[in-house]
Amino acid sequence: MDTQNYLQDLKEIKDLMNKSTQFISLSGLSGILAGVYAIIGAVVAYFLIENHTDYYITLESKTFKLIILTALIVLTASLLTAYIMTANKAKKVGEKIWNASSKRLLINFFIPLVTGGIFAVLLLRNGYYGLVVPITLIFYGLACVNASKYTLRDVRYLGITEIIIGLFAVEFSGYGLYFWVLGFGVCHIIYGSVMHFKYDRK
């Protein structure tokens, strides 16, 4: 009996330590929706590319600007959805959306992400279009791995998967849009579904 109480006390202490150092209110549904948004954005980009009349898509072309606009809309929609759903989940479990854990999570997530974004812009300016998709996947994966220390460990596996897909995208650079769909679309839907059934439905 004493042994069981001792083990239970250890479990409670471990849970308290995790709650104090990790932000555990990430929403699985927001991951699913982010994946759906990414697939919709990729479909829009595909039709923009298919309907482009010139042989090359330049930075000054209308098609390129529309693709960038589509990507920004997808990013904004994903971030807003993640914030709203995570805030609702945090409220339900009695966790503050803005605390020391969430601050550490965001800082560690955005450092690699912003670095990758700047790197992608520099690649575009210098004409290395084929490397943009791989770089966004790889740095997004690094951001997830880096942030996973301060949230649910499942985020780490998502990050590793994104990095691997990004490396394949370098090797097969002509299929960038398909790797984009796989990494940001399909993987997010699978990850979000796992998170939802593993944590959200408790």
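Using N, Cα and C of the backbone, Cβ positions are placed for all residues, glycine too.
Note that the structure is predicted; figures quoted are calculated from it, not measured.
Residues or ranges marked as transmembrane segment in TrEMBL: 23-49, 64-84, 105-122, 128-148, 155-172, 178-197.
By number of Cβ pairs under 8 Å, the transmembrane segment (128-148) is matched best by 105-122 from the list 23-49, 105-122, 178-197. Counting Cβ pairs closer than 8 Å and at least 6 residues apart in sequence, the transmembrane segment (155-172) and the transmembrane segment (105-122) reach fewer than three and form no contact. Using a Cβ-Cβ cut-off under 8 Å and counting only residues 6 or more beyond its ends in the same chain, the transmembrane segment (105-122) has close neighbours at 23, 132, 135-136, 138-140, 142-144, 146-147, 149-151.
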